[in-house]
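Colleague: Taken from TrEMBL, the feature active site applies to S191, H218, D314. Taken from TrEMBL, the feature compositional bias 'Low complexity' applies to 138-150. Under the heading compositional bias 'Pro residues', TrEMBL lists 151-171. Residues or ranges marked as domain 'Response regulatory' in TrEMBL: 4-121. Residues or ranges marked as domain 'CheB-type methylesterase' in TrEMBL: 181-371. Per TrEMBL, 4-aspartylphosphate is recorded for D55. Per TrEMBL, the feature region 'Disordered' maps to 134-186.
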Amino acid sequence: MTIRILVVDDSPFMRKSLQKMLEEAPDLRVVATARDGIDALEKIQEHKPDIVTLDIEMPRMDGLTCLKKIMADFPMPVLMVSSLTQEGAQATLDALSLGALDFIPKESGFASLSILQIQHDLQEKVRRLATSPRFHRAGPSSSASPTHAPSTPPPPTAGAPAKPAAPPKVAPPSGTSLGSPQADLLLIGSSTGGPKALQDILPTIPANLPVACLIVQHMPSTFTKPFADRLNGLCQVHVKEAEQGEPLKAGTVYIAPGGIHMTYGARGAKGCIELSAEPVSSLHRPSVDVLFLSVAELFKGQVLAGILTGMGADGAKGMEQLKRKGAHTLAESEESCVVYGMPRAAVERGCVDVVAPLGDIPGHLRRHFHI
């Protein structure tokens with residue numbers, strides 16, 4: 001299948017560069033380019049692309065105004081092209097709140113070298129987002145119950161490849177000791193689509209969350225503090241960017257800083273935050289796996305770990321190890337994911353207790369912690 005793309009940028013150099021990067025992949029085709037938001041809306045009606053790459057700062061109509069109109073009149077996947085400045089971070093977070101699915105960071109000047117560095121990431125994000133379940137199937141029902149896949153999957157249809165065994169059927173938490181949480185630590189990992197998912201989940205958690213929450217969201221270093229500050233303004237719990245050595249406190253959500261790993265440290269009464277550049281071999285920094293594996297190794301209490309929407313498989317290995325240590329685990333279901341990559345990888349390892357659409361996850365968390 002060929003994916004049809006509209007590239008929107010006020011820079012002729014950027015339009016040509018993005019088009020060249022994309023069309024070096026045989027399955028990607030730029031059907032049109034646009035110089036600003038007004039031009040983009042006209043080109044969308046004319047060419048009906050599968051996905052739009054959208055710059056933020058443009059004359060006549062900027063990217064955020066254009067994005068609002070796209071979501072209102074022509075809902076479709078949008079990938080923002082954003083600078084890594086503080087201002088660029090704020091605008092990109094606004095775009096993700098307005099419906100953009102993800103972003104590609106661009107360095108100052110977007111020189112040829114940086115273009116080559118992000119080409120693979122750009123192509124892969126366009127592929128994944130263009131076929132996102134968010135725009136290609138019915139959204140999740142907020143009243144639906146979390147699904148527990150049967151241990152024996154149905155036989156594959158003729159000619160279709162066999163699918164890996166789904167996680168065994170497990171009863172949902174029953175709340176055996178009312179008033180006492182069933183876990184002592186909450187962990188969440190997410191990537192593509194994660195900022196919006198976290199913005200949907202975290203504001204629903206009451207201020208009396210009886211445990212600390214550690215979150216790894218794949219983001220550049222200039223984005224994580226503005227993201228944490230934004231969430232803190234929306235939430236009843238305290239949300240902050242994690243700092244080296246700080247003790248874990250109940251009712252506080254710690255966002256891993258971009259560009260560095262966050263792990264659990266066993267120092268202090270309830271543990272603490274540890275930040276490190278190691279392991280350098282990790283594909284992502286921060287990494288969900290690195291956090292989960294550190295908790296599996298050092299944390300002595302009960303853990304609730306969740307994996308939300310995201311590309312790739314980060315978190316699956318760590319969740320498997322947490323499950324072996326007795327953790328309760330959940331994953332966002334395909335129907336609500338922007339990209340069903342990280343949750344799928346965990347499900348295929350057989351280490352997920354509950355698979356639920358995004359709209360059901362807040363209720364699951366509140367029941368689990370009796371709040």
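Just so you know, the numbers here start at 1 and follow the chain as drawn.
Yeah, the Cβs are placed from backbone N, Cα and C, and that goes for glycine too.
TrEMBL annotations: computationally assigned, not manually curated.
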Colleague: Taking Cα atoms as reference points, which of the recorded positions D55, H218, D314 is nearest to S191 (active site)?
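Modeller: Its closest listed neighbour, by Cα, is H218.
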Colleague: Hey, how far is D314 (active site) from H218 (active site), Cα to Cα, in Å?
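Modeller: Per the Cα atoms, D314 (active site) and H218 (active site) stand 10 Å apart.
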Colleague: Below 8 Å Cβ to Cβ and six or more residues apart, same chain only. Which residues does that give for D55 (4-aspartylphosphate)?
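Modeller: The answer is V8, D9, D10, S11, M14, G63, M80, V81.
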Colleague: As a quick check of your reading of DSSP, tell me how many residues in the domain 'Response regulatory' (4-121) are helical, how many are strand and how many are coil.
Modeller: 60 helix, 28 strand, 30 coil
Colleague: Any same-chain residues 6+ apart from H218 (active site) with CB under 8 Å of its CB? Would you list them in sequence order, or say none?
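Modeller: S190, S191, T192, G194, H284, P286, G310, D314 - these are the non-local Cβ neighbours of H218 (active site), listed in sequence order.
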